[in-house]
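TrEMBL has this to say about the protein:
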type: DOMAIN; residues: 39-322; note: domain 'G-protein coupled receptors family 1 profile'
type: TRANSMEM; residues: 26-48; note: transmembrane segment
type: TRANSMEM; residues: 60-87; note: transmembrane segment
type: TRANSMEM; residues: 107-128; note: transmembrane segment
type: TRANSMEM; residues: 149-170; note: transmembrane segment
type: TRANSMEM; residues: 198-225; note: transmembrane segment
type: TRANSMEM; residues: 266-286; note: transmembrane segment
């Protein structure tokens, strides 16, 4: 989604003076844009092939939210990436440095805000949906449907869109950001109360979504672990006979179930979101809260660029979560070992039981 930079200041402090910038890495921006788009298309293709497993009523909402997340990631690479490439080419081949027009910057900034918020909000919705499905399965099966998931996607998209287009209606503004290859809400520049409120809303909404995702994933993981331990305790009682091998198979099936697959993917997405987005969002929030320490002149914030560059990797890493953490991969990594261990244990137990029965005869 976001352009890659070669800034002259990448330290956490705010640089007020620096030498003239070199042209930013055009080919790096092209590579990341193309690689991100291909990754998201590949993940969407994998989901299309495995959609049969999600036809169950209880799994369909998660599938819809996953598709929405990947589509938002794909759009975040293609649309803002095209604007960023234009600015890269403009800076590289223009003899005189000029800023982009106000309309161009406003549209670019609106795309940055919209495609930045959508993955955060969709990830939060996925975490809440799985938390309800795991902790309250009967309520989820009877009340949550694909229609509700579509409404959630529409509502969250509308929320991000409204926040993004407010500057287009003279509520706040978008400005060119250092080093001149992207447009966003003014973070350090002299700004009005509307600009400050929009920046606070963007960072607060993103951090709230991350917090809810973490809490829901922790709760869901604890419930799954508790269920797994109870199932393991039932299947390892001394009274279990050899003809109950199916119980071990059912335990392995629980361990390799679709719920575990979705929770593994969701946990990985949450980790990626937190690592990639937290520095950028927290930095914006801290800058807005420390109004008295704002510089009066043009500011070249190296840490904001570093946070933006980290955030740009979110849309690249998200699809690889689905590519690498599919059910087949999880089965090979975990379930194969677990199943073999249960089989050996069951065979040895049955052999011992037969030997005891033969000795009694």
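Cβ coordinates come from backbone N, Cα and C, glycine included.
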| Across the domain 'G-protein coupled receptors family 1 profile' (39-322), what is the average pLDDT of the model, as a whole number? | 83
| Is the transmembrane segment (149-170) close to the transmembrane segment (266-286), in the sense of at least 3 CB pairs under 8 angstroms with a sequence gap of 6 or more? | no
